[in-house]
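Pulled these features from Swiss-Prot for this protein:
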BINDING   Cys559, Cys568  [4Fe-4S] cluster binding site
BINDING   His654  chlorophyll a B1 binding site
BINDING   Met662, Tyr670  chlorophyll a B3 binding site
BINDING   Trp671  phylloquinone binding site
TRANSMEM  46-69  transmembrane segment
TRANSMEM  135-158  transmembrane segment
TRANSMEM  175-199  transmembrane segment
TRANSMEM  273-291  transmembrane segment
TRANSMEM  330-353  transmembrane segment
TRANSMEM  369-395  transmembrane segment
TRANSMEM  417-439  transmembrane segment
TRANSMEM  517-535  transmembrane segment
TRANSMEM  575-596  transmembrane segment
TRANSMEM  643-665  transmembrane segment
TRANSMEM  707-727  transmembrane segment
Amino acid sequence: MALRFPRFSQGLAQDPTTRRIWFGIATAHDFESHDDITEERLYQNIFASHFGQLAIIFLWTSGNLFHVAWQGNFESWVQDPLHVRPIAHAIWDPHFGQPAVEAFTRGGALGPVNIAYSGVYQWWYTIGLRTNEDLYTGALFLLFLSAISLIAGWLHLQPKWKPSVSWFKNAESRLNHHLSGLFGVSSLAWTGHLVHVAIPGARGEYVRWNNFLDVLPHPQGLAPLFTGQWNLYAQNPDSSSHLFGTSQGAGTAILTLLGGFHPQTQSLWLTDIAHHHLAIAFIFLVAGHMYRTNFGIGHSMKDLLEAHIPPGGRLGRGHKGLYDTINNSIHFQLGLALASLGVITSLVAQHMYSLPAYAFIAQDFTTQAALYTHHQYIAGFIMTGAFAHGAIFFIRDYNPEQNEDNVLARMLDHKEAIISHLSWASLFLGFHTLGLYVHNDVMLAFGTPEKQILIEPIFAQWIQSAHGKTSYGFDVLLSSTNGPAFNAGRSIWLPGWLNAVNENSNSLFLTIGPGDFLVHHAIALGLHTTTLILVKGALDARGSKLMPDKKDFGYSFPCDGPGRGGTCDISAWDAFYLAVFWMLNTIGWVTFYWHWKHITLWQGNVSQFNESSTYLMGWLRDYLWLNSSQLINGYNPFGTNSLSVWAWMFLFGHLVWATGFMFLISWRGYWQELIETLAWAHERTPLANLIRWRDKPVALSIVQARLVGLAHFSVGYIFTYAAFLIASTSGKFG
């Protein structure tokens, strides 16, 4: 009996029903709730699992390199990045039959293959990889790192190598190590790689281990560094006629501030990127020497926080007590980490298309669309997770005595004001935006499009103008041709920036109008409503007017009966669950907007977006319906084309999504009856009755059914849109 799953909870292991399996899976990673867990074991388990995570990441990236080297066409793609389609890997069994084999044999391959829309080809090319041998070498190196990570994870679980709790709670040492050791040193190393390998590679010089020490990255070597003439490293940059990967039009500069894009590759100048990483390295190496460790110099985090008491008493005792609260709560730390990572991931989405760093990626439209959408969805999930762990912190780790009258306690004290203001903002945005859209819909329906309410986003246009966009005619700051900032920009800093901003072939500062104004506010509605649900869930996690003793019920309790006036949708878990729907909804609007605006930009018919995006029917008809037609014809009675796999995924995504509602809109008594009936029939059917359950089948709990429903809803939603996005973009632009 002792070996039954889950081993970490004897109580669950002895449960006679199928709850055992469900609750076992649900609490497998909740180390805090496991039998005989101690604080020390908790920290050690998490630390060891980080190495496991790293091992998986290294193995996965190694697999990407290996499969492209084995089954891809990297070497022929390098010869002509704009016209050869990059191959991700072979397809063993294309569906269905000979027409499918022919449809998927492309990119110069001998058999059926998948096209890569991840941007790895452009990335590897930009950083100096050129041959399949390079890819195999990289794959082997990452495989080696993966093995090292696994060994490190195992090692840190052995008695002799287990770190102590005091080691985990040494905030200053960890800060110094992460800032200097991880960010600083890795950025410096990356600058080194760019200067020694990638930039020579972009100029037609093949640098590898055999000639690495013979090739000078700059004609003057290290002399300018030691003599203080650093400006020499910026002189003679690549010319605007430079052909990437060749010496034609190449310069000798290694660290520049050109700004804008390389005319041929449409990506940022590699020498600008190297300069950026060097600056980041410098900042983080300095930052990583600021905190007090064994040497008695530098800042103490505790002293810093204790000293943060704003004058005038407006924030009470300021940051007093925060150090111990944060340092002793893993959930608080995880919440902060997830919030930061979520924002960073969304910024990656925004910057990968507006300031593309990889050669030729801007001309690979499907990849641009896929990467933007991918990073926005990931950001959404990570950000909602931040609030989930914030709520768990309030339930499990928050100590009111330790935080009396500090900023944290004051957040809880005036939560009603915070929640009601967020609620007001959401209602205002929702009703006004929908009102404008619906008004415009009605005007179109009655044949009077001139009666639409169209609002120019003048403030946003003014901000774009201030950064140098001249087409609006604002004549302000960088768009004012006779201003000092404009003239300085021509020579001193980023001379290519203003050209890039006003060039219409890239995605930097796209021209915006009434359609953008409306969808911007629709997205603002989604963001504010998601935030409202998440903030309310976290701030009410310990208790609310209706249920003041919520803390004693934990994070994910089900309804507490009708006694308090009904307590469904009131646990912190319920708030997270509802927020994820809003998050998906919001990211949907964000990606619809991005994709449609870019499709019309790439096709050269921006007026379609401008005219149709001001009313809902325009979005439904001219974006969704119009762009799904090719996809739905992936296979039809006449045969199969290369979009068939996406057509199938589109259908399958809808199926998974719809299945979610079976769990979301369900009455538990009915499910229990259904399960009992199925079990009864099973036990009385020949052959089927040879299989017996050890556990008595019972219906899912309310919380479980919501989780299963949410998982299906999310997966189906994302599968459906991914198929639509990739098929509609690749169908148009090859």
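In case you wondered, yes, glycine gets a Cβ from its N, Cα and C as well.
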Under an 8 Å Cβ to Cβ limit, what residues of the same chain, 6 or more beyond the ends of the transmembrane segment (135-158), are close to it?
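Tertiary neighbours of the transmembrane segment (135-158) are 44, 47-52, 54-56, 58-59, 61-63, 65-66, 68-69, 74, 124, 129.
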If you count Cβ atoms within 10 Å of each one, which of the binding-site residues Tyr670, Trp671 comes out on top?
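The largest 10 Å Cβ neighbour count belongs to Trp671.
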Given the binding-site residues Cys559, Cys568, His654, Trp671, which one's Cα is the least distant from that of Met662 (chlorophyll a B3 binding site)?
Trp671
How about long-range neighbours of the transmembrane segment (46-69): same chain, 6 or more residues beyond its ends, C-beta under 8 Å?
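Sequence-distant neighbours of the transmembrane segment (46-69): 31, 87-89, 116, 118, 120-121, 124, 132-133, 135-136, 138-140, 142-143, 145-147, 149-150, 152-154, 156-157, 163, 168, 330.
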Quickly jot the same-chain residues contacting the transmembrane segment (273-291) by Cβ under 8 Å, restricted to those at least six beyond its ends, or write none.
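Residues packing against the transmembrane segment (273-291) from afar: 171-173, 175-181, 183-185, 187-188, 190-191, 194-195, 198-199, 234, 254-257, 298-301, 357.
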Rounded to a whole number, how many Å is the Cα of His654 (chlorophyll a B1 binding site) away from the Cα of Cys559 ([4Fe-4S] cluster binding site)?
30
Reduce the DSSP letter at Tyr670 (chlorophyll a B3 binding site) to three states and note it down.
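Note: Tyr670 (chlorophyll a B3 binding site) is helical by DSSP.
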